[in-house]
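> Submitted below is the structure of interest, expressed as structure tokens.
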Amino acid sequence: MDAVIKMTNLRMRYNDKADYVLKGIDLEIMPGQIIGYIGPNGAGKSTTVKIMLGMIQNYEGDVEIFGENIKTNAVMYKQRIGYVPEVAVIYDSLSGYEYLIFIGELYKLDLKLVEYKAKEMFKLFGIQEALYNRISSYSKGMKQKLLIISSLIHDPDILFFDEPISGLDANSVMVFKEMIKQLSEQGKTIFYSSHIMEVVEKISDRIILLNKGVIAADGDFEMLKEKSKEGSLQDIFNQLTGFNEHEIIAKSLVETIRLNSIGEHDSADTMIQQEV
Amino acid sequence: MKKDFLLIKILTKIRGVFKNTSVNFEDLITILSLKLTLDDRKSSAMGMAKKQKLTGMKSNLLMQGFFGLFIGLVMLVPFDLFYKISIITAMDLFFMVMFMISDFSSVLLDTRDKDIILTKPVSLETMNVARLIHVIYYMISLFLALNAISICILTYQYGVKILLGFVIMLVLLSLFIVFVTTILYSILLEQFSGEKLKDIINAFQIMLSVVTIISYQLVGRIFEFVDFEMVIHIRWWTYLLPPAWYASLFKVLVEGDFTRAYVIMAILSVLVPIISGSALIKWILPKYESYLSKLQIEDGVFIPKNSLKERLKQSLYNIVARDHKERAFMKFADANLSRDRKLKLMILPNQALGYVFPLIMILPFISRSNGIQGLLTELNGSLLYMNAYWAIVMFTSNFEFMQYSEKFEASFIYDSFPIEDKRVIFIGAIKAYYIKYMLPGMIFINVLFLFLCGMSSLVGLLIIDVMSFFLLLLRYKMTHLELPFSKEVSSSGNKNPAPVFGLMGLCALVAGAQFLFVKNNVLMGLLVLIVMVIMTQLAYVSLFKRPEKIKQN
């Protein structure tokens, strides 16, 4: 089977003087995998995703999606990908319905089908009453559901999810997790980046841990566990990113919170030293 | 979304133009109808209380049409065609560039397009062309609104031939403006990053609104300044003025005047848009997206400073507000007033009017006399300083803007924090507003009139200073105001006219009384001053310090 996504020595920096955000990423992803893409803040996760979506062009190295270099064939591969961004950017003076029709037109879909799918999916997500309302009146969870629907309405083969479940209630999260499991069984590739380790641990076939612009670990959960001899993905994450002071920092935080006057306790300074 | 926009219909008729380009016509239409729909809804989102019939764009066009009427009147004066077209072009250039920077920066600098449209199978070229057409469409509407009346008058004067000139000018001028603004933005985007750039654009917007607002005030006096016997002198710098290019184009086209200078400038009027256009397409547009991504980088750093200015402000705050909560809200209001860009865009141009209005009012008195020395002796001891009340009307009525904020939702803190008496938020805002905006204005006015009217105006001016705070307190009481920074900034940015007229009437009354009974009489003045200080103190205490009356159910 051929890789659906292939990156070779991917490097990226935002300007000539800045440091590299991505320092040479090599990656091959097979169809039907759910990839848990994790890493601390600023590791370069969103940058990688933005490059694959064609939102950033001035990267170094090669990215192939569906076997084609996205620098030379920059448009048509997007017909087969879906994306849920981390921050909900949306033209929010449209209604949910109008937004989905707009998206459908850009994907050149049959608008009757889009309309049917939109109604059906709004109903299944339990927000059917909001379909014709202005998006600016949506709650956070409703906006998130709309983003999820808009990323799936054209039945794409690769899905990029960036914190897709933020703002969703527990029931919707269960629906969502089951849905992506079934989608992957039908051959869809899902690129799932998140900070919620428990979820990533449960749903991913393969976990890629990015730290400071390089891949720090790559493999399924069992493999990572064996390699690092740690219990949960959270522990593995902490170990691989070299972080083990959460108790000390939390303790200092609590002490700082409980402080009544300066001078009573001077642990604020010691904490900073510990962190460095 | 509806699709029956005029622009879409026209484009569908000329779709052949896009046949052999990398632009996908269907995508183009989809994106453009989205953009026009969004424009249509822009202000209706705000008008929750009272439904506005006109959207932001349409009311803007109406305003420009009004201005066009004045330009049209100027056309009735028997100038040379060269001057007439120069005036028209200068006005068009100014208003259109201003429009591009102030209203359309949101279109040119929209980063949502990138996240939503570019992640779909749409080519970058298609999206950029859609953007360009969107902008040019509004340029044309603006051009027509500004010039419709002038065109009618000039057609009557010069015959139908002149219409051809206007058609050519419309195309060239719109292209020229779009290209120049985009190139300007790109240069700014390349040089500066994120927050800094937004500040620069904000400064531009404020500057241009100041110029428009002031020129609206000056428009009635334009005939006083115009020298009717102008002879055309073309100097070397005339070649650098775009209005002169277009005026020459008309000379050549309409009057068939083939003087060398006219021909050269007419060629420039065609050449420059074409050259800047190709520069834009070749070098700038491909990089534009990466420039735009800079906008998303937020890099404002506000480390507490210990400068002299800060310390002065601090001690001033300590003097005027003893209560620490009040002081906290003063600092809060001050920070918001200096950082909130949309708020600044609303306040500062109106504020500038406060500085300018007294000057405009005393202008007729100044032009009559000759020489600065003669002027000063003539004005010494006069009551011209009463014009300071104009400034007070502007300054106090601008207080209304304090209700607005770019991030009005954040006003939840007023409810979630333990604040027993919400009046403390207002008094903090009032004092911060006074110190930040009114105090510098009042100092300027005092210095100006002390210089013009001499020391005898000192007591009178002191009364006016006290009145400025008194009237600010009255403005607060006059109509119901929302808590500071708790209302969404509306696109029109217009003040509620009722309190403005109210304040104007009050000021007229007060100024009239002062004019009739106090004049420059020192004793009388001091007496009034003391009474006013006491009254202000009383008003202040009864408005903010006396315990709130418990409302009966």
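Just so it is clear, glycine is given a Cβ too, placed from its N, Cα and C backbone atoms.
Unlike curated records, TrEMBL annotations are generated automatically.
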> Looking at B:232-252, B:379-399, I want to know which stretch TrEMBL calls transmembrane segment.
B:379-399
> Are the transmembrane segment (B:347-367) and the transmembrane segment (B:458-476) close, by which I mean at least 3 Cβ pairs under 8 Å that are 6+ residues apart in sequence?
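Counting Cβ pairs under 8 Å (6 or more apart in sequence), the transmembrane segment (B:347-367) does not reach the transmembrane segment (B:458-476), since there are fewer than 3.
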> May I ask you to check whether the transmembrane segment (B:458-476) and the transmembrane segment (B:162-188) make contact, with contact taken as at least three Cβ pairs under 8 Å and only pairs 6 or more apart in sequence counted?
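Counting Cβ pairs under 8 Å, fewer than 3, so no.
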> Between the stretches B:162-188, B:379-399, B:433-452, which one has more Cβ pairs under 8 Å with the transmembrane segment (B:497-517) than any other?
B:379-399
> Quickly jot the same-chain residues contacting the transmembrane segment (B:162-188) by Cβ under 8 Å, restricted to those at least six beyond its ends, or write none.
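For the transmembrane segment (B:162-188), the far contacts come to 85, 89, 92-93, 96-97, 100-101, 104-105, 108-109, 132, 135-136, 139-140, 143, 147, 151, 154-155, 197, 200-201, 242, 246, 249-250, 253-254, 269-270, 272-274, 276-277, 279-280, 284, 287-288, 291.
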> Quickly jot the same-chain residues contacting the transmembrane segment (B:433-452) by Cβ under 8 Å, restricted to those at least six beyond its ends, or write none.
313, 316-317, 320, 330, 333-334, 337-338, 347, 351, 354-355, 358, 362, 375-376, 379, 384-385, 387-388, 391, 395-396, 398-399, 402, 458, 461, 464-465, 468-469, 472
